[in-house]
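Undergrad: Dropping a structure here in structure tokens format, bear with me for questions.
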Amino acid sequence: MTSLPLGVKVEDSAFGKPAGGGSGQAPSAAAATAAAMGADEEGAKPKVSPSLLPFSVEALMADHRKPGAKESSLAASESAQAAGGLTQPLGVPPGSLGAPDAPSSPRPLGHFSVGGLLKLPEDALVKAESPEKPERTPWMQSPRFSPPPARRLSPPACTLRKHKTNRKPRTPFTTAQLLALERKFRQKQYLSIAERAEFSSSLSLTETQVKIWFQNRRAKAKRLQEAELEKLKMAAKPMLPPAAFGLSFPLGSPAAVAAAAGASLYGASGPFQRAALPVAPVGLYTAHVGYSMYHLT
């Protein structure tokens, strides 16, 4: 048994040995025949380079590197379809392979775009947004997911002081009655029962009206008196600055007199004249001067 270089085994019994010393020519003829048959079979199946496949790494990277990569990928897909071993790539219209010169869209869809994967037309992907009628999905229209409408806040009601239902109306006093009541109040602020009865009958008023008017007039007089006392206290406070160097001396003491004299002498002497502080008369105020707040009136 003899082994051929192309891997074809030929038995001696199959081809036979020719007579007359021709044993070396028969195996060489069989090897040539087998090589020719293998070449025919390989020619019937054309080899496709893996780099020309539209989904290979080289084809995907070439789309971003070279501007004419899409034309080369289309040509590769045409040759693959002619061989019958590949399917139509995604994102390429069915009639674009047969007519490469036909006018195409300004921007064809890519292999991994939304339109290429879902095979949707371009007009379905681009929707005209109308500001007047915005489109809302069903889950947004449901009350479960949509926010509640804004509540209009009503203006706060005016809260007035509520009077009693059985409150008596206010008594409108005349000018003559008011003058008589004021004159009587200056004479005597508290009236006895007999005086109140006699005075109310003379003014054509009830005793209760006269009694309430005198109560209100006494409260008003008390408020006015307190305000006058406060004004007198504010006016009685001395308007003097605190003592120099944080020292306080009672006015009228020898230390205060010496300090005032030294301040006046210091202000009058020296090349630069300084205005001396006015010295209050000794003995006018006997209050102890210190760090305190002085109110201006």
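Backbone N, Cα and C atoms are what each Cβ position is placed from, and that goes for glycine too.
Relevant sequence annotations retrieved from Swiss-Prot are reproduced here:
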- 1-50: region 'Disordered' (REGION)
- Lys9: SUMO cross-link (CROSSLNK)
- 25-38: compositional bias 'Low complexity' (COMPBIAS)
- 63-110: region 'Disordered' (REGION)
- 70-83: compositional bias 'Low complexity' (COMPBIAS)
- 127-136: compositional bias 'Basic and acidic residues' (COMPBIAS)
- Lys127: SUMO cross-link (CROSSLNK)
- 127-157: region 'Disordered' (REGION)
- 166-225: DNA-binding region (DNA_BIND)
Undergrad: Write out how many residues of the DNA-binding region (166-225) are helix, how many strand and how many coil, based on DSSP.
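TA: With helix first, then strand, then coil, the DNA-binding region (166-225) has 42 helix, 0 strand, 18 coil.
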Undergrad: Where does the mean pLDDT land for the DNA-binding region (166-225)?
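TA: Average per-residue pLDDT within the DNA-binding region (166-225): 92.
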